[in-house]
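Notes follow once the structure below has been shown.
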Amino acid sequence: MTSPTNSTMLTYTTNNYYDDDYYEYSTITDYYNTINNDITSSSVIKAFDNNCTFLEDTKYHIIVIHIILFLLGSIGNIFVVSLIAFKRNKSITDIYILNLSMSDCIFVFQIPFIVYSKLDQWIFGNILCKIMSVLYYVGFFSNMFIITLMSIDRYFAIVHPIKRQPYRTKRIGILMCCSAWLLSLILSSPVSKLYENIPHMSKDIYQCTLTNENDSIIAFIKRLMQIEITILGFLIPIIIFVYCYYRIFTTVVRLRNRRKYKSIKIVLMIVVCSLICWIPLYIVLMIATIVSLYTSNIFRHLCLYLNLAYAITFSETISLARCCINPIIYTLIGEHVRSRISSICSCIYRDNRIRKKLFSRKSSSSSNII
């Protein structure tokens with residue numbers, strides 16, 4: 001499986017695709033990037049496949065969706081982070097939710113760069129190109145690791161409540177989250193060697209793209225990232241999720257304890273929504289990888305690659321939508337968040353009533369003077 005790189009942000013030069021012998025695609029991102037730039041011109045598509053239609057407006061629809069996701073995700077996650085950060089008595093679950101929201105913020109604050117790069121140029125320089133590429137992977141790994149930690153914590157809290165209770169402290173939660181962030185950074189750091197700010201067909205336009213170098217080190221890093229994403233970012237977390245929640249479910253059913261079910265509800269919803277948002281991208285990437293093994297030249301199967309590009313774009317947008325869904329889950333299910341929101345709303349309502357009373361008193365006193 002190839003890696004779910006930030007294909008909406010990173011673009012690829014098309015010169016390589018005009019060579020019939022070039023078909024070793026390092027990541028499925030290349031399919032999208034090629035189509036997203038020069039190959040998206042209607043003249044090129046008509047020249048190679050008259051039966052394949054291209055929707056020029058699709059790119060701008062995706063940009064609008066990304067802007068909406070940025071507004072909702074930034075407001076929601078900043079609210080959750082500020083709410084939990086200033087909470088006095090934080091539980092270990094609060095620590096995990098706080099770090100998960102911070103991980104979502106990494107994706108959310110990349111969206112403006114993604115939107116701008118959809119205009120087919122990168123003006124932010126080579127250093128920021130590398131930083132944003134690494135941050136995407138850091139956000140991906142940290143998101144999966146923290147959700148995994150939340151699942152393990154719920155497993156011990158319900159299946160082994162007495163045996164593992166001394167280890168379920170706030171200090172342990174902070175230590176585990178710091179370890180998850182550090183491991184995410186270590187796993188993501190090789191990406192800085194893969195992406196560069198490279199001039200496009202026009203010398204005045206630069207794009208943050210996969211490097212053109214084909215040495216053994218670059219090839220090794222590409223394979224390494226594919227293995228990391230597939231095994232550490234997907235297979236191992238999925239196995240842990242299935243095992244933990246199977247044991248949790250059997251324990252709750254056996255004990256018939258509604259209180260324990262209520263305690264896992266928010267974590268279970270986060271895990272399920274995250275998987276729903278990530279799995280479509282993985283499926284599309286897997287299909288595209290299989291296709292790349294049996295098709296040697298993009299222009300001979302242009303319509304197929306174009307459809308894969310659209311599928312990757314939409315599935316990537318769904319994965320970003322996760323950043324907006326998590327704050328909604330906290331609000332609907334989390335009792336602390338709901339109570340905090342209600343207290344804030346009541347304070348605002350009370351302040352407005354006080355202002356209205358003061359204003360009416362001033363108005364009446366001024367009228368009496370007149």
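Positions of Cβ are set from backbone N, Cα and C atoms, glycine also.
Swiss-Prot lists 1-61 (among others) with the feature topological domain 'Extracellular', giving sequence analysis as the kind of evidence.
Positions annotated as N-linked glycosylation site by Swiss-Prot: Asn6 (among others).
What Swiss-Prot lists as N-linked glycosylation site is Asn51 (among others).
Summarising the annotation, Swiss-Prot assigns transmembrane segment to 62-82 (among others).
The topological domain 'Cytoplasmic' annotation in Swiss-Prot covers 83-94 (among others), and the record cites sequence analysis as its basis.
Annotation source Swiss-Prot lists transmembrane segment at 95-115 (among others), citing sequence analysis.
The topological domain 'Extracellular' annotation in Swiss-Prot covers 116-131 (among others). Each residue of the topological domain 'Extracellular' (116-131) gets a DSSP state, and the totals for helix, strand and coil are 9 helix, 0 strand, 7 coil.
If you look up Swiss-Prot, you'll see 132-152 (among others) marked as transmembrane segment, on the strength of sequence analysis.
Same-chain residues lying 6+ beyond the ends of the topological domain 'Cytoplasmic' (153-171) with a Cβ under 8 Å from its Cβ atoms: 90-93, 95-96, 244-245, 247-248, 251-252, 260, 263-264, 267-268. What Swiss-Prot lists as topological domain 'Cytoplasmic' is 153-171 (among others), and the listing cites sequence analysis.
Positions annotated as transmembrane segment by Swiss-Prot: 172-192 (among others). Cβ atoms under 8 Å from those of the transmembrane segment (172-192) belong to residues 92, 95-96, 99, 130-131, 133-138, 141-142, 145-146, 149, 153, 221, 224-225, 228, 232 of the same chain, restricted to positions at least 6 beyond its ends.
Swiss-Prot lists 193-223 (among others) with the feature topological domain 'Extracellular'. Remark: secondary structure over the topological domain 'Extracellular' (193-223) totals 9 helix, 10 strand, 12 coil, with classes taken from DSSP.
The transmembrane segment annotation in Swiss-Prot covers 224-244 (among others), and the record cites sequence analysis as its basis.
Residues or ranges marked as topological domain 'Cytoplasmic' by Swiss-Prot: 245-265 (among others).
If you look up Swiss-Prot, you'll see 266-286 (among others) marked as transmembrane segment.
Look at Swiss-Prot and you will find 287-300 (among others) tagged as topological domain 'Extracellular', backed by sequence analysis. For the topological domain 'Extracellular' (287-300), the mean pLDDT of the prediction comes to 66.
The transmembrane segment annotation in Swiss-Prot covers 301-321 (among others) and rests on sequence analysis.
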Kindly report the helix/strand/coil residue split of the topological domain 'Cytoplasmic' (153-171) according to DSSP, in that order. 12 helix, 0 strand, 7 coil
